[in-house]
Amino acid sequence: MVLFLEIICCLQGCEASVLLDKANSEKTAPINVNLHGFEAIDAAKAAVEKACPGVVSCADILQYAARDAVVLTGGQSWDVFAGRRDGTESNAAEPATELPLQTMTVSQLLSVFALKNLNAAHMVALSGSHSIGVAHCSFVTDRLYPNADSSIPADLLASMKASCPTAAATTQLNLDEQTPNTFDSKYFDNIINNRGLLASDQVLLDDSLTASEVQANNGANFGTKFAQAMVVMARYQVLIDNAGEIRTNCRNTL
Ligand code: HEM
């Protein structure tokens with residue numbers, strides 16, 4: 001379920017368009033093929049519909065699910081502001097132009113986040129989501145083959161190559177080598193020690209502004225900074241009043 005953290009508000013806003021099972025929807029875009037956990041959202045929606053039909057949107061359920069995934073893995077909680085409505089459009093072409101890529105420079109990443117009204121501090125704190133979860137080898141093999149990224153420490157390089165033995169490997173690696181199942185600030189400690197997994201994690205140290213945010217998140221302040229950034233992201237292009245709809249099934253428009 002955790003991958004929802006990354007994309008819940010990325011495209012047209014926090015309006016659950018990523019859940020729609022339409023022809024040519026966002027879900028069908030190549031960059032989204034590894035998204036998973038949709039059945040957990042279906043189960044939550046079914047339970048909420050049973051108790052209180054037609055009131056809680058899929059967009060709000062995604063926000064609660066993201067918060068609860070963080071709390072269940074040891075992260076800090078936050079209040080989710082509800083009242084969003086669901087979008088009815090979903091376009092497969094959008095993810096390619098609006099989602100951040102692991103190959104981007106800091107300035108490219110900042111531009112993508114700025115489109116969602118998120119600044120450098122928000123971007124770095126939100127990247128702390130990579131404190132849990134995994135990446136498929138295809139997102140790191142360009143750091144390994146044919147020539148290894150010389151900034152990767154030798155022992156980490158050996159373990160990355162063991163997990164991804166060839167450039168075509170389809171296996172996965174933990175995003176946080178220290179505490180892969182706990183939502184904590186070790187992700188930032190990894191970066192400070194040149195042990196970030198994705199190029200887009202490690203690149204945060206290249207720019208003085210993002211580097212100082214990496215330092216600021218490495219420790220007890222991470223929980224609060226992440227929670228605050230999630231609240232800001234969750235406000236992006238929210239549908240209210242008569243806009244959109246409250247879906248009965250998160251996969252289909254009414
Ligand atoms: C800074 C720009 C970002 C880039 C370039 C990026 C890229 C990636 C990539 C390539 C993966 C591996 C996907 C796969 O193997 O299928 C991943 C995983 C993940 N990302 Fe990001 N991400 C970014 C920001 C974020 C943000 C802002 C969040 C949440 C707020 C987030 C949450 C996650 C999570 C939870 C996973 C693990 C998924 C799993 O275990 O299934 N990422 N990200």
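Backbone N, Cα and C define each Cβ position, glycine as well.
Feature annotation from TrEMBL assigns Ca(2+) 1 binding site to G13, S17, E26. There are 20 other Cβ atoms within 10 Å of the Cβ belonging to G13 (Ca(2+) 1 binding site).
Within its own chain, P100 (substrate binding site) has Q108, L109, V112, F113, S200 as residues 6 or more apart in sequence whose C-beta sits under 8 angstroms from its own. The substrate binding site feature in TrEMBL is assigned to P100.
Sequence-distant neighbours of H130 (heme b binding site) (same chain, six or more apart, CB under 8 Å from its CB) are L175, D176, Y187, L197, L198, D201, listed in sequence order. Taken from TrEMBL, the feature heme b binding site covers H130.
Cβ neighbour count for D176 (Ca(2+) 2 binding site) (all protein chains, 10 Å cutoff from its Cβ): 27. Residues or ranges marked as Ca(2+) 2 binding site by TrEMBL: D176, T179, D184.
If you look up TrEMBL, you'll see C9-C14 (among others) marked as disulfide bond. Under the DSSP three-state reduction, C14 (disulfide bond) is assigned to coil, being neither helix nor strand. Of all Cβ atoms in the protein chains displayed, 25 besides its own lie within 10 Å of the Cβ of C14 (disulfide bond).
Cβ neighbour count for C58 (disulfide bond): 29 (other Cβ atoms within 10 Å of its Cβ, all protein chains included). What TrEMBL records for C58-C250 (among others) is disulfide bond.
C164 (disulfide bond) has a Cβ environment of 24 other Cβ atoms inside 10 Å. Positions annotated as disulfide bond by TrEMBL: C137-C164 (among others).
Among the features that TrEMBL reports, domain 'Plant heme peroxidase family profile' is placed at 9-254.
Annotation source TrEMBL lists signal peptide at 1-16.
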Sequence-ordered recorded positions from G13, E26, C58, C137, D176, C250 with Cβ under 6 Å of an atom of ligand 1: none
Env. residues of Ca(2+) 2 site, Cβ within 8 Å of mean position of D176, T179, D184 Cβ: S131, I132, Q178, P180, N181, T182, F183, S185, K186, Y187
Site of maximum Cβ density within 10 Å, from binding-site residues E26, D184: E26
Nearest-integer angstrom distance between the alpha carbons (Cα) of C164 (disulfide bond) and E26 (Ca(2+) 1 binding site): 28
Assigned element (helix, strand, coil) containing C58 (disulfide bond), judged by DSSP: helix
